[in-house]
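Taken verbatim from Swiss-Prot:
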BINDING   Cys14, Cys17, His18, Met83  heme c binding site
Amino acid sequence: EGDVAKGEAAFKRCSACHAIGEGAKNKVGPQLNGIIGRTAGGDPDYNYSNAMKKAGGEGLVWTPQELRDFLSAPKKKIPGNKMALAGISKPEELDNLIAYLIFSASSKPAZ
């Protein structure tokens, strides 16, 4: 189990490209509200890479474990995706970040 407060601090790196929480909008990357249980490439208001759309079309749904695998090595998990992150190598940081995403992703995106 991760620490939500530490995950919020870890998300600061992500916030350059992603928004989460009440009123979140797509930025360089998609907003992350409702990410758990969302099909990869599944936000109709975001222009995903073909690689991400293909992953979703093949059935990839974001679970905590799938997010962990992706965030640890985005280009390995989904070659050709647009995410600039090289990967998060520390298991504790991944735990905290995923705890924060689960906690915060229940918010609704901006209308």
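Every residue gets a Cβ built from N, Cα and C, even glycine.
Residue environment of Cys14 (heme c binding site) contains 19 other Cβ atoms, counted within 10 Å of its Cβ in all protein chains. Minimal Cβ crowding within 10 Å, among the binding-site residues Cys17, His18, Met83, is found at Cys17. Site extent for heme c: the farthest pair of Cα atoms among Cys14, Cys17, His18, Met83 sits 10 Å apart. Secondary structure from DSSP puts Cys14 (heme c binding site) in a helix.
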